[in-house]
Amino acid sequence: MPIKIPDRLPATDILRSENIFVMSEARAATQGIRPLKVLLLNLMPKKIETETQFLRLLSNSPLQVDVELLRIDNRPTKNTPTEHLDTFYRQFEMVKDRNFDGLIVTGAPLGLVQFEDVLYWEEIQVIMNWAKEHVTSTMFVCWAAQAGLKLLYDLPKRTRKEKISGVYEHKIHDRHHPLLRGFDDLFKAPHSRYADFSPSYLAEHTDLDILATSEVAGVYLASTKDKRNVFVTGHPEYEVDTLHHEYIRDCEQGIEPNMPVNYYPDNNASNTPVASWRSHGHLLFSNWLNYCVYQQTPYDLDDFSEANFTKNDE
């Protein structure tokens with residue numbers, strides 16, 4: 001089934017060129033199907049690039065998904081045209097009285113910024129608290145995972161001395177968990193962060209199901225037992241050249257970053273990277289939509305209630 005996105009969104013032509021079924025709003029209105037309502041809170045500076053990456057992953061599902069784009073505030077951004085934001089993005093005041101099947105909160109380039117110093121930290125808290133009463137399942141990605149752990153478990157910000165950047169191997173810890181269905185025992189995923197997600201620390205201070213970890217990068221995937229909050233510390237949405245562009249950007253800014261590991265053939269930045277994480281990225285989002293969202297959400301979103309959710313997969 002397709003994803004339904006706003007007409008004229010730049011991602012439409014990109015996704016269609018990749019043979020991804022994108023449905024127009026007009027056509028979707030004629031189908032007798034209740035699509036899943038998913039809200040994408042895009043915190044990244046390059047919003048068009050990021051929205052396209054996430055829409056690509058949301059498209060690989062037999063479920064029809066109606067995606068709405070959300071911005072954190074109305075501050076102008078130098079990386080995304082104001083016209084694009086005004087045309088395709090909603091502000092929180094426009095959606096706060098509605099319920100949604102799913103919410104995705106993207107990462108943000110705030111790895112070394114303390115939570116209280118984030119310009120929109122108050123808005124983030126409001127939206128995450130709102131989601132408890134209005135969203136069936138929320139996925140927190142990278143920086144958002146750290147923010148979610150702070151707000152849900154009051155975990156302090158933990159950072160590494162050096163940024164983790166590259167493609168890391170992970171192992172799964174519960175092959176029967178719905179989010180891991182179809183996963184290989186070992187799989188790869190990109191990381192680009194300063195945040196530290198120690199498996200032992202999360203196990204000691206939370207009741208999360210720790211589902212996948214890396215010896216180097218730490219926890220990659222974790223979930224609350226009711227599957228209403230899913231934490232992804234890496235970037236399964238990244239395109240093959242995203243880490244490359246970040247590396248070149250940091251070099252040009254004089255940061256002297258370490259080269260992304262397990263990324264460039266022969267560890268040579270002049271060689272074209274090869275993506276080794278796409279299949280598991282698509283599978284993760286498909287499993288989230290199916291098992292955390294579709295199988296738990298009410299048919300009528302007006303019937304949203306805590307009673308709809310179970311603690312364990314049946």
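Each Cβ is built from the backbone N, Cα and C atoms, and glycine gets one as well.
Look at Swiss-Prot and you will find Gly111 tagged as site 'Important for acyl-CoA specificity', backed by sequence analysis. Gly111 (site 'Important for acyl-CoA specificity') falls within neither a helix nor a strand when secondary structure is assigned with DSSP, and so counts as coil. Long-range neighbours of Gly111 (site 'Important for acyl-CoA specificity') (same chain, six or more residues apart, CB within less than 8 Å of its CB): Trp143, Thr159, Lys163, Arg193, Tyr194, Ala195.
Annotation source Swiss-Prot lists active site, acyl-thioester intermediate at Cys142. The Cβ of Cys142 (active site, acyl-thioester intermediate) has 28 neighbouring Cβ atoms from other residues within 10 Å, across all protein chains displayed.
If you look up Swiss-Prot, you'll see Lys163, Ser192, Arg249 marked as substrate binding site, on the strength of sequence analysis. Applying an 8 A CB threshold to same-chain residues 6 or more apart, the list for Arg249 (substrate binding site) is empty.
Among the features that Swiss-Prot reports, site 'Important for substrate specificity' is placed at Ser192. Take the CB of Ser192 (substrate binding site) and look out to 10 A: across all protein chains shown you find 20 other CB atoms.
The number of other Cβ atoms within 10 Å of the Cβ belonging to Glu237 (active site), over all protein chains shown, comes to 27. Per Swiss-Prot, the feature active site maps to Glu237.
Comparing Glu237 (active site) with Cys142 (active site, acyl-thioester intermediate), their Cα atoms are 11 Å apart once rounded.
DSSP assigns Arg249 (substrate binding site) to a helical segment in the three-state reduction. In three-state terms derived from DSSP, Ser192 (substrate binding site) belongs to an extended strand segment. Cα spacing between Cys142 (active site, acyl-thioester intermediate) and Ser192 (substrate binding site): 8 Å, rounded to the nearest whole number.
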